[in-house]
Amino acid sequence: MKTKNGWYWLFLIPFIGTLWPPFYSSYRPTLAGFPFMYWYLILWIFLVAILSGIVYFIDNR
Amino acid sequence: MHWSAFIVFLILFAIVTVLGFSASRWHRGDLDLIEEWGLAGRRFGTFVTWFLLGGDLYTAYTFIAVPALVYGAGAFGFFAVPYTIVVFPIMYIVMPRLWRVSKQRNYVTASDFVRGRFDSSLLALAIAITGILATMPYIALQLTGIQAVLTAMGLAGHGFLRDLPLIIAFVILAAYTYTSGLRAPALTAILKDILIYITVIVACIVIPVELGGYGHIFHVAAAKLPATKGSLILSPKLFMAFSTLALGSAFALLLYPHAVTGSLGAKSGKTIQRNAALLPLYSLALTFIAILGYMAIAAGIHTKDTSLVVPLLFLKTLPEWFAGFGFGAIAIGALVPAAIMAIAAANLFTRNIYREYFAAAEGPNREAQVAKIVGLIVILGALVFIVAIPLQYSIYFQTLGGIWILQTVPTIMFGLYTKWFHRWALLLGWLVGMVTGTSMAAAESFKTSIYPLHLGHSVYLGYAGIWAIIVNIIIVVVLSLVFNSLHISNGKDDTQSQDYVSDSSQAVGQ
């Protein structure tokens, strides 16, 4: 149990990626009409779901 | 009066009423027990929990308030996106622990856990009161979602007539919550979310096509936002406010009583973990709902009452009957969380105030009876609140509610991991945090939860809840050091370390 929980540190990544606005407070590059800030944050929604899924599978191996 | 919208709306409302009442027979259980009425017997699987938590955390108020904020402020309103991203790692790590210890020790509320862990009914009372105080205005605000769509459909009478549809909606809600308990919002949440997803998908395809595409919508928003002191891209002076608000809201969200109730209704800790991976779909919907604020700008919607932004946009750009469909989704989206919130507040009152201080010896049947009646009182109280008191006060209290709930993080979340923190230190930290956060919001006349903190010659614009919890945590740590070194009793711990890690029930010594 203990060793598996080390994977939980991966969960720090979305905090850094989404709570540091200097990373994404810009208009360009746009994607399908969406300014960078918007599609970047939408991308993170998918990434956090995938990350939770990965940790879940590691937890229940 | 928009009749075709109203008729579709009424049909949806009728369906949800039937579902709410018939929910009492779903996954049959003895509804005279508080675990059955208030947690639906802890037996919801991944699928139902997904709808229940989704319906719980993404409320009608969100659907109205977030686009309204975006409509005026622009990028800042999108704090809701990082907020509903980082909430899932926290959920994955923390909530299964709370579920497991609650299952082992038959806890129904977070305060039950605090009572057991720290052997302090006073600390448990502080947590329970915080939860109830934060939940009440939240229920009241759900009504504004219903009110907004009713107004948009042209149901604007005067005096008593104006409030009549709201009163009918809430009396129905109170009645099926009374009879069905947590099963009612769980079952209606499934319908609600199907409606919400259909509405969002259609709106986000049809409206941009009409308005000339997403690129054009963002262009128009960028040009028009400065007029309302907003901006399309977050300005650097708001970076810290944006991030602290997102972070603080994420920690607070999971400790709201309705989030705890929704989580404890799951059938295992794993169910909650699976949901941490599946619930972000709601965040995606929320992002597009927020963008509706920009669509309203591009569509030339002008209104002083920003809660009407989305309803007016729907009426202007969608076929009228489909706007009615969307309105039904929003209204039902108000009823689902309102029911869970009322049940959660009722559980707290019954377990941590009534049982603790008024009737310790009475049995579980009496507990469920009390909870049902308190649930009724809570819903009707929220109704009186919204009908009798200006809306602005509910919004102020809701702002405060988030700050307050955040102050329970050390006791509940830290408490799930360690008994090192001292119960009296947690209580004093909570008290100072509550006072600090409240006075910061008061200094801003309760209009915003963003407080400019002056340190030396610098000013830091950030979420008052975060400033308050920093003070809270410092006090908790320092006083814990003092109290522990003085060997002041930290109470008898009712839980054991293995209670927190396994989904399966073990016959550990009670």
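Here the Cβ of each residue, glycine as well, is placed from N, Cα and C on the backbone.
TrEMBL annotations: computationally assigned, not manually curated.
On a predicted model such as this, the values are computed, not experimentally measured, just so you know.
What TrEMBL records for B:6-23, B:44-64, B:70-95, B:122-144, B:164-182, B:194-218, B:238-256, B:277-301, B:321-349, B:395-417, B:424-443, B:463-483 (among others) is transmembrane segment.
Counting C-beta pairs under 8 angstroms (sequence separation of 6 or more), the transmembrane segment (B:424-443) reaches the transmembrane segment (B:122-144) with 3 or more such pairs. When the stretches B:6-23, B:70-95, B:238-256, B:395-417, B:463-483 are ranked by Cβ pairs under 8 Å to the transmembrane segment (B:321-349), first place goes to B:6-23. Taking every listed stretch (B:122-144, B:277-301, B:395-417, B:463-483) in turn, the largest tally of C-beta pairs under 8 A with the transmembrane segment (B:70-95) is reached by B:277-301. Of the ranges B:238-256, B:277-301, B:395-417, the one with the most Cβ pairs under 8 Å to the transmembrane segment (B:122-144) is B:395-417. Fewer than three CB pairs closer than 8 A are found between the transmembrane segment (B:277-301) and the transmembrane segment (B:463-483), and contact between the two stretches is not assigned (pairs 6 or more residues apart).
Counting same-chain residues at least six beyond the ends of the transmembrane segment (B:238-256), those with a Cβ under 8 angstroms from any Cβ of the stretch are 57, 75-76, 79-84, 86-87, 90-91, 94-95, 110, 131, 134-135, 138, 263, 344, 402-403, 405-406, 408-409, 412-413, 449-450, 460-463, 465-466, 469.
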